[in-house]
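J.: Attaching a single structure in structure tokens format; questions to follow.
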Amino acid sequence: MTNIRKTHPLMKIINNSFIDLPTPSNISAWWNFGSLLGICLILQILTGLFLAMHYTSDTTTAFSSVTHICRDVNYGWIIRYLHANGASMFFICLYMHVGRGLYYGSYTFTETWNIGIILLFTVMATAFMGYVLPWGQMSFWGATVITNLLSAIPYVGTDLVQWIWGGFSVDKATLTRFFAFHFILPFVVLALAVVHLLFLHETGSNNPSGITSDSDKIPFHPYYTIKDILGALLLILVLTLLVLFSPDLLGDPDNYIPANPLSTPPHIKPEWYFLFAYAILRSIPNKLGGVLALVLSILILAIMPLLHTSKQRGMMFRPISQCLFWLLVADLLTLTWIGGQPVEHPYITIGQLASILYFMILLVLMPIASIIENNILKW
């Protein structure tokens, strides 16, 4: 008799995706982040669900409802901090996952890559709207600043901003709709993640060497299930340490001050995971130019397959490209640091140089380095 997991209509899908899936035998720990992202998403949906049971999306009670969750609800504080720091872990895994895709040339699976970019934008939108919900100072002013960027769109900009606000400023209508969207979007992310996997399983996984691994595949279970469990345990360990020992480490103290439209905080800045994009936005003195640079800083990923000039897929055997990749990582860390600094003399210049370098590496230096490496191979 055939095993039920191979015949049952539902079990068959799970079996072909997570149990008997033929997987390259040489994929490294960098391939763990997909499953870690899945764990983060489930964690966020579950903690978010329990938070939504006690949260009220009204400007007069939103802040106090979050305080109530932390003080009066059984284990409410841990649910709230798991959700807040879970978002940080989510973005760490996301950036590692995208970085691995860039390093090993996974963007040549164009469908999977493009769905991934849509996923990235959706998760960013979800996180932004979630940050508005506690209705602290940084929530309110962050929402005001970021939604205001849309007013840079010619002709329809101002109308669009007021349409999103549901009035002439960020107010009750804005908070209510942001809560509605913040609740629904994770399920959209979940659906997109399934499509992402669907496209990935059409081609099979990439591997560090970048060459086809059809001749050397092993079943996903038990080899990679056990490897993923190790990654998951490390993720849970870091998250637990963060939540139990310094839950506010990555947050902004200004968000413990209730939103006040009459008092602007000295430094308006988003959560740490958006600082690199915020630095790129601020580095351009023109409003529309800044908004375009902000969008392009992520959208540039979509043209990576077109910029791939190398004869090899990954960077495993390409030292010049490797140096440029790590320069890009250092540049992004610099941008993240600059995004959190005030708009003053040395920071402005550093931010502008780092922004130029970011686009230079991706658009100019990496394709040229690949061509040079191709020529070196001929010798």
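Yeah, the Cβs are placed from backbone N, Cα and C, and that goes for glycine too.
Relevant sequence annotations retrieved from Swiss-Prot are reproduced here:
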TRANSMEM  33-53  transmembrane segment
TRANSMEM  77-98  transmembrane segment
BINDING   His83, His182  heme b b562 binding site
BINDING   His97, His196  heme b b566 binding site
TRANSMEM  113-133  transmembrane segment
TRANSMEM  178-198  transmembrane segment
BINDING   His201  ubiquinone binding site
TRANSMEM  226-246  transmembrane segment
TRANSMEM  288-308  transmembrane segment
TRANSMEM  320-340  transmembrane segment
TRANSMEM  347-367  transmembrane segment
J.: Quick one: of the binding-site residues His83, His182, His201, which has its CA closest to the CA of His97 (heme b b566 binding site)?
T.: His201
J.: Across all the protein chains here, work out how many other Cβ atoms are within 10 Å of the Cβ of His201 (ubiquinone binding site).
T.: 14
J.: Quick one: Cα separation, His83 (heme b b562 binding site) versus His201 (ubiquinone binding site), in Å?
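T.: Distance between the two Cα atoms comes out at 30 Å.
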J.: Counting across all protein chains present, how many other Cβ atoms fall within 10 Å of the Cβ of His196 (heme b b566 binding site)?
T.: 21
J.: Is the transmembrane segment (113-133) in contact with the transmembrane segment (226-246), using at least 3 Cβ pairs under 8 Å (sequence separation of 6 or more) as the test?
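T.: They are not in contact.
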J.: At a threshold of under 8 Å on Cβ distances, which of 33-53, 113-133, 178-198 pairs most often with the transmembrane segment (77-98)?
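T.: Most contacts with the transmembrane segment (77-98): 33-53.
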J.: Could you tally the C-beta atoms, other than its own, that fall within 10 angstroms of the C-beta of His182 (heme b b562 binding site)?
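T.: Taking every protein chain into account, the count is 21.
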